[in-house]
Structures are given as C-alpha cells and as structure tokens.
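The following features are taken from TrEMBL:
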DOMAIN    22-101  domain 'GST N-terminal'
DOMAIN    106-236  domain 'GST C-terminal'
Amino acid sequence: MSKCSTPQTEQQSQTKLRMATEEIKLVGFWVSPFVFRVEWALKLKGVEFEYIEEDIFNKTNRLLELNPVHKKVPVFVHNQNVIAESFVILEYIDETWKQNPLLPQDPYQRAMARFWARFAEEKLLYAAGTSMCSKGEEKERAEKETIEALEKIEEQLNGKKYFGGDDKIGYLDIAIGWISYWLPIWGEVASFEILDPKKFPGITAWKTRFLDHPVIRDCSLPPRDKMLEYFHKRGQENYNSRLGSSGK
C-alpha cells in the first residue's frame, strides 16, 4: 500500500482495475523530497502502488540490484521496467498513464517546466543544502545564492496560482514541491529565514495552496520535529566531514 490515501474518482477506479495485474512499486526513504515528488505524481494520476521503505544508510541487496548505477532512491518498478532518478520517473509516469497530464501540451511550455525544475535542483537546492553544513563566508555565500535563486523562481509565478497555471498542479509544482515543506525546515536548521513572506509573496501563497491541495494534504508528510532532528544531525555530520577533508 502507498503512504497516501485519496478518494477515488470514476476515472481513477477504471485505472485501478486496469492496473490490477500490474506490478507497481516505489522504493523510497521517509525524508526524501525526491521520493515524495514521485508519490505526488502517482496519486495525481490515480495510480495505486506499493511503497517500500529503504534504509539508505544500510542499503539492502534489493536496492543495490534495482539501482546498481547510483544506489539511491527513489526507484520505480513497473512490471519488468525499473527506473531511477525522480525526474526520469516523473516523465515515465506521465507518458505511461495519460490521465491528468503533468507536463504542458505546448512544446515550449514543456521545455520551460523542465528548465525551471532543473534550475531549482541545481541552484536552489544545492545552495540551501550548503547553508546547512557550512559556516562563515561559505555560509553567507550559500544564503545569498539561495535568495537569488528564489527570486528567479518567484518571477515565474507571475500572479498564477500554480507554476503550471491557475487551474491545477502540474509537473513543475511537483518537481519543486519540496520548497513548500522542506525548504523552511532547512532554513531553520541553517538559522536564517529563507521564505520571507514580504520578499516572496507569490511563493508563500503558492506554498499554502500546494500543501492544502487534497492529494498533497492526504499524503503523510514527515513529522516536522523529526525532520529538524534529522537535518540538524546530517548538517553537522556533513560539516565535520568537509572540515576533515579540507585538512584544517
């Protein structure tokens, strides 16, 4: 069974019947935003799946066999097909189950959704992560880069309810959904306010709207206090590791 529970529409019920003989599994880790983006996509599509929790610090043979290249989660299993990397999984899901499309129909808008998803991953997530496990000038630089990346993302909303438009959650909303829940926690761990409502009114409104969406709300997000404890610990461990490797 998945971790999410959502009322079934008629279309979703038909999809469920069609999937009765299919093997659909998601291997994940409880605190990973990359795993959750896959869960959100599956639930928005009305696809039932089995969730399998993996201990990424004590990796099982199952994970190593399913993803021998990166040895990471998420891993998505659909019958004989095994897919790794969350962005790749999202597109596989969107192309396999056509209902409730995630990516826009327009080629240019599809390209832009992919571009900004990658931008958030490569710029914002990296900078915010660095701010949790650094000090001094490096931390100040990471915080500055975090805010600069958020300013670019704020511009993309441009008054819309969702990044994909006003009507529904789409690919980009799911891809950067971690901003709504994980990012403020990372900011607290790093001891600086990342999502200032006055500076980022669009993202702040989107965050509330996104988390209040029935599918997102019905997916059990990790407890906030447990996440704070986890990322505090990971941030310190990463800082100590980097300090040791620097020779200082």
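For all residues, glycine too, the Cβ spot is worked out from N, Cα and C.
Caution: TrEMBL annotation is automatic and unverified by curators.
The model shown is predicted, which means the values in this text are computed figures rather than measured ones.
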Taking DSSP helix as H, G and I and strand as E and B, the domain 'GST C-terminal' (106-236) has 95 helix, 3 strand, 33 coil
Would you mind splitting the domain 'GST N-terminal' (22-101) into helix, strand and coil residue counts from DSSP?
30 helix, 17 strand, 33 coil
Within the domain 'GST N-terminal' (22-101) only, compute the mean pLDDT.
97
